[in-house]
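A.B. asks: Got a structure for you, written out below as structure tokens; questions coming shortly.
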Amino acid sequence: SLTWQHQSFTTLKQHNGLFYFLKRKKTDLGCWNPVTGLNGSLSDRKLVNNMRWVVLRVVTVLEEPFVMVSENVLGKPKKYQGFSIDVLESLANYLGFKYEIYVAPDHKYGSPQEDGTWNGLIGELVFKRADIGISALTITPDRENVVDFTSRYMDYSVGVLLRKAEKTMDMFACLAPFDLSLWACIAGTVLLVGLLVYLLNWLNPPRLQMGSMTSTTLYNSMWFVYGSFVQQGGEVPYTTLATRMMMGAWWLFALIVISSYTANLAAFLTITRIENSIQSLQDLSRQTDIPYGTVMDSAVYEHVRVKGMNPFERDSMYSQMWRMINRSNGSENNVLESSAGIQKVKYGNYAFVWDAAVLQYVAINDPDCSFYTVGNTVADRGYGIALQHGSPYRDVFSQSRVNRPKPAIPSLGWGPALPQHGSYPANHHEKGDGNATPPLSLTQVPQNAHVWHPAGLPTRKCFPELINVHHRAGRGQRAGSQSFCDAPPCHPRGL
């Protein structure tokens, strides 16, 4: 029922007009515009630390681990818990007020619409349907234009949630350094050279000493060529000039091939041990194999858009990220809720850009341990409690948050409690140095050699000893001087 020059505010035609109501020319009590109406209160209520009998209406958005809701059992009211709820409960106990909490109808934090209004949690405060808004709510300049914020109670940074590379065991991984066609050529070359060596030795046989015999058969020639190729030598001597020239060229060829195989095998092992190629936001922006996105019309979405498009704040990394996020006007790679983005990472080829604190909680509490997180460790923003513009509770909440005893925040899956005013590590799953090379496992060394030797090392070392024992046992039975039990036990000593 406010009027100005005998006209109602609702009938004024000044669509861009702003009216400020001041008291004692110092205190900004509120403002009015044709779009949102009166934003603030015309009554200057002086509050003290005792807010007993005050009941505040609190709006929130479910976001683990900040705000979570327990299951409704036997008709009992929903119970909210989480880090933000602990902060709110601590303020309520310190100031003495009561509160009623509900979830924003559209489950969004809030963004400006085309007509100038706001949706989500911020919209509930602008239209005065709630007194306080609390969740994983970041303090941004656009939001500060329409609502008030307390001082930050926790630092904020952007992170990326990715799925860990799946570890698979390839039975023929030792063949990976060479292409299949190259292996076929090598096998054909071994057969061809073995045949040539046999023919040269057969056409021009060496002179033998009296009583000696030659064993240069085709089989022995093939075996000699193969043994020299794998650098194991041979037993059949070739003394003719043509054969030695042929073998000299073959040895040089084998040296080059084996050296190339060794180098490629080392490179192959190095590449396969780098499981997660994306270790920072820069790595994410440079690649295009894994699409990535965030929640539409969120603070992260606006943050990337401003830094990627604003000519005064243009960043090459954010420009590349914005091109990926804004594909098809944002509908291709973005999601409507953070839970949808997490599911998209788990079951598809996708990276989700969101609050680092939320993503690290998700990665740590994933039962399959299939996630890892990277991000920016520099915290340029913070989480705050939102209130109506001109709310008399803002200064009281900010001051009480500093003076009140620190709440006993339970561990919500982090191990220690959530840190306050601190940055998060890039990967909470990794222990120790994230750049350290992991040790080779048994399945990697010597690249599945157990496939070709199923008995393994103990059998190979014990087998000659078993033959020895059996031989001595048989001899003892014939001579009547030693039994099988008297034989020394098998032990893994060198051959």
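Every residue gets a Cβ built from N, Cα and C, even glycine.
Predicted automatically and left uncurated, TrEMBL annotations should be read as such.
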A.B. asks: Quick check: of D355, D366, D368, which does TrEMBL put in the same L-glutamate site as T138, R143?
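C.D. replies: Of the residues offered, the record points to D355.
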A.B. asks: Would you mind giving the whole-number mean pLDDT across the domain 'Ionotropic glutamate receptor C-terminal' (55-401)?
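C.D. replies: Here the predicted model's pLDDT, averaged over the domain 'Ionotropic glutamate receptor C-terminal' (55-401), is 84.
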A.B. asks: For I278 (site 'Crucial to convey clamshell closure to channel opening'), which of the recorded positions T138, R143, R305, D355 has the nearest Cα in space?
C.D. replies: D355
A.B. asks: Over the residue list T138, R143, D355, recorded for L-glutamate, what is the maximum interresidue Cα distance in Å?
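C.D. replies: Pairwise Cα check on T138, R143, D355 gives a maximum of 17 Å.
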A.B. asks: Here the recorded positions are R143, R305; which one has the lowest number of other Cβ atoms no more than 10 Å from its Cβ?
C.D. replies: R305
A.B. asks: Quick one: Cα separation, T138 (L-glutamate binding site) versus R305 (site 'Interaction with the cone snail toxin Con-ikot-ikot'), in Å?
C.D. replies: 16
A.B. asks: Over all shown protein chains, what is the count of other CB atoms within 10 A of the CB belonging to I278 (site 'Crucial to convey clamshell closure to channel opening')?
C.D. replies: 19
A.B. asks: Expressed to the nearest Å, what is the distance separating D355 (L-glutamate binding site) and R305 (site 'Interaction with the cone snail toxin Con-ikot-ikot') at their Cα atoms?
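C.D. replies: D355 (L-glutamate binding site) to R305 (site 'Interaction with the cone snail toxin Con-ikot-ikot'), Cα-Cα distance: 16 Å.
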